[in-house]
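Database features (Swiss-Prot):
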type: DOMAIN; residues: 9-278; note: domain 'Protein kinase'
type: BINDING; residues: ILE15, GLY16, SER17, GLY18, SER19, PHE20, GLY21, GLU22, ILE23, LYS38; note: ATP binding site
type: ACT_SITE; residues: ASP128; note: active site, proton acceptor
type: REGION; residues: 313-363; note: region 'Disordered'
type: REGION; residues: 394-414; note: region 'Disordered'
Amino acid sequence: MEPRVGNKYRLGRKIGSGSFGEIYLGTHIQTNEEVAIKLENVKTKHPQLLYESKLYRILQGGTGVPNIKWFGVEGDYNTLVMDLLGPSLEDLFNFCSRKLSLKSVLMLADQMINRVEYFHSKSFLHRDLKPDNFLMGLGRRANQVHIIDFGLAKKYRDNTTHQHIPYRENKNLTGTARYASMNTHLGIEQSRRDDLESLGYILMYFLKGSLPWQGLKAGTKKQKYERISEKKVSTSIESLCRGYPSEFASYFHYCRSLRFDDKPDYGYLKRIFRDLFIREGFQFDYVFDWTILKYQQSQLTAPPSRGLVSPAVGTSAGLPPGLTSIDRYGGEEEGGRPPMDSSRRRMSGALENSGNLSSRGPMMPSSSLFAQSAGSSRRVTSEELQRCRTGAGLRNSPVVTTPEGKRSSSTRKHYDSAIKGIETLQVSDERFHHH
């Protein structure tokens, strides 16, 4: 008899693994809906899945938070059934030759700040923000950023009184060193400001292709963390952001100006990036760099007799081919955890397939189309972009022919409408069940 979970889901092939368990593809017995099923042995020394399921339950209903279908015990395993999601931003960053355009980064930044703000509104810090922990959705949620992996999350205030946790020092590094805030490296208890600083490092990583403290050599992990810390502390904000719009430096200056228990002005941070987006003349059309690469790739691989292949071909609109087989569960490069948390490893996020991205070889054809660095939507003709948007099921951006004074207002309205549309896209098919 085929293995079943919760008497509702058929357990399929393994699609990923983590330090404390494994992830399988599941199928709803009646509807054939595909889901991700996380399994953790009940005899594991430090169970993690129950803790994570409780956080998912607290966060349920939030935009960009995976829906939990079922949690319980099946035989020897704690079991969590959740939405199947698409590739991580790290996967897509790799697909785009490890550099993203300003337009793509700004479209992502708006959603990512929203995810962090929602997480904080529920009285929790994430404490391990990195590109691997943000996943795009599938199908009609293909352009929606999801936040995952709550294994290191910590409650920072009381739900009722909003009493903030006390300031402490001499804390061990918790999270991933590459994206950890300066205060985290200095041993200061994390608060909301630190999640936002980590997010800033992610954005610069996407723009620059790497961060100055990557690739440092050391004999031990502890020595490596120390070298990363030293390099990060000695790298000024101006140096880090040199050559990029001043808004990114403003973002870091704001984050580092916050006191330990300050509530960040998330609206201000979104606003400086939105104003930059509008000033650059971008359209909020959800045509990301990977959308364009996938479209170009489809033209190279399509038989001559066939018509244009839209970016919607594949598992979801705008997702690149080949990214349905990605293993995000490799080692923890530059990651650090406190001694008490050493067993709290994670199987972050649901994936569609397994397989190591780096071992797959080149994913894009070696064509002159890809000779330029991946990124700018301006490198594709307006006609191609029109086909791209139409094929992906995206509404065309309005053609702005108004005078300069009215253009900003028109673009801002379109921007606000677009982001509101993706942020309110919510479908809850089932209620959370715990057995």
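Residue numbers in this text run from 1 along the chain shown.
Glycine is no exception: its Cβ is also placed from the backbone N, Cα and C atoms.
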One finds that other Cβ atoms within 10 Å of the Cβ of ASP128 (active site, proton acceptor) number exactly 24
Mind giving me a neighbour count for ILE23 (ATP binding site)? Other Cβ atoms within 10 Å of its Cβ, every protein chain shown.
25
If I take the alpha carbons of ILE23 (ATP binding site) and the residue listed as 'active site, proton acceptor', what is the distance between them in whole Å?
20
Segment confidence, the domain 'Protein kinase' (9-278), expressed as mean pLDDT
95
Translate the DSSP assignment of ILE15 (ATP binding site) into the three-state scheme.
strand
Between ILE15 (ATP binding site) and ASP128 (active site, proton acceptor), how far is it from one CA atom to the other, in Å?
23
Euclidean distance between Cα atoms of ASP128 (active site, proton acceptor) and GLY21 (ATP binding site), Å
19
